[in-house]
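Chemist: Quick one: the structure is below, questions incoming.
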Amino acid sequence: MRADLSILRDRSFLLLFSARSVSLLGDAIAPVALAFAVLGMPDGSGSTLGIVAAARIAAQVAFLLYGGVLADRLPRHRVMVGADLTAGLAQGAVAVLVLTGTDSLAGLVVLSMVSGAASALFTPASRSVTVRLVPAEKIQSANALVQLSMNAGSIGGAALAGVLVVLLGAGWALVVDAATFLVSAVLLAGVRLTGAADQPSPTEEGIFSQLRHGWREFTERTWLWAAVAQLALVNVCIGAGFIVLGPVEAEAHLGGASGWAAVLTAQAVGFVAGSLLAIRLRPRRPLRAAVLFTLGIVPSLVALACAAPVAVTAGAMFVTGLCMSLNDVTFLTALQKHVPEESMSRVMSYDAFGSFVFLPLGLAVAAPIADRVGSGAVFLGAACLVAAAAGVVLAVPGVRTLPYEPQPAAGAEAGADRPQQASAAVPASVRTTKEDQ
């Protein structure tokens, strides 16, 4: 463990680590604060919350591909700074609306879209900046530590959210969220990339040409697009279950904001536990492991379907958090090791785009479907879909057999077919490090 933690001695990586910790503290506050702010509106309901959440995700999906191109053309940490500043201003404006009692659904939708666009610019850069900061052999440890920093922030944020919403109200909780974005931007501004990594990619090629190049890199790897297709379905189930119907279920059966904050805190503790395990975990077949980890979402959906007590639901969410964290680190490391570095942000943007493209639809229809068939049926249906998706994608040979390190000889799968380019993604010299949530 000591050798793995030695990367924290690097000033730039430590700044990244700290920035992600602070940012995720706010990100953990935002879902609780915004959910109960919307539900507290005169016409607030699960459907209204779904509309606001869907607006954010729709904007995020719309700008993701551009975010990938931008992160491959410009220094990635600078893209992250700009995105954080934009998100901080947007969340600050949301806080003003809530604090002044301006019950404007249109205003919340527009500001949620601004936040979503900022997140779209941030995500590809944040998931590929690590490879510019640490040596190749420490990529997974760096990914796990960044994930750990984010999840540690989530623990404090989820607990703090319940306290702030109950004692001060959702508006002041959103003020704290906005401030964390600004602090994160200041920390990221101090990051310095090293060597050739400081140089942005050539910009002579047009945006659409660069997008086509990224698309080729993405589609020629069957293991990659198959796993992304699975995550697209899984994320719809997570969005419907945890983002829209979860707070509604908490209001009815878990004691409201304080109960839901306790559940999210347990999930965040699971995230941290998963990150700690991932520092040392080296699965021989990382993608197969990542797919199996998605099954950890099922217990939480079943607990919510059964209106289980807070303690039981929190325990299930701990398992979900642990498995989601392991999934993210193992999948991200596999992608970083098997994709050329010069096009990594664009491939990351296609990964994120594919993973979230259907999420707005799931957020928008979750409450109307629950009104017809009951939220319990929606939770159980989502659990079945998650399990079925894992079974289907494991039937893809490349998903089952992708090795931890790129192989020196050509394989049968497109993702392993290009060992020379894959090696270029992990140069032995200057190498560096991720994600969200």
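From the backbone N, Cα and C atoms, a Cβ is placed for every residue, glycine too.
Per TrEMBL, the feature domain 'Major facilitator superfamily (MFS) profile' maps to 1-400. The transmembrane segment feature in TrEMBL is assigned to 12-41, 47-67, 144-166, 222-245, 257-279, 291-310, 347-370, 376-396. According to TrEMBL, the region 'Disordered' annotation covers 407-437.
Describe each of these features in terms of where it is and what it packs against.
Modeler: For the transmembrane segment (222-245), the list of distant contacts is 31, 46, 49-50, 53, 57, 287, 290-291, 294, 297, 300-301, 304, 331, 335, 338-339, 347, 350-351, 354-359, 361-363, 365-367, 370, 375, 378-379, 382-383, 385-386, 389-390, 392-393, 396, 398-399, 402, 413-415: same-chain residues at least six beyond its ends, Cβ to Cβ under 8 Å.
Remote same-chain partners of the transmembrane segment (291-310), defined as residues 6 or more beyond its termini with a Cβ less than 8 Å from a stretch Cβ, comprise 227, 230-231, 234, 237-238, 241-242, 245-246, 249, 252-255, 259, 262-263, 267, 316-317, 319-320, 322-324, 326-327, 330, 375-377, 379-380, 382-383, 386-387, 389-390, 393-394, 399.
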Chemist: Summarise the model's confidence over the domain 'Major facilitator superfamily (MFS) profile' (1-400) as a mean pLDDT value.
Modeler: 83
Chemist: The transmembrane segment (347-370) and the transmembrane segment (47-67): do they have three or more Cβ pairs under 8 Å, with pairs 6 or more apart in sequence?
Modeler: yes
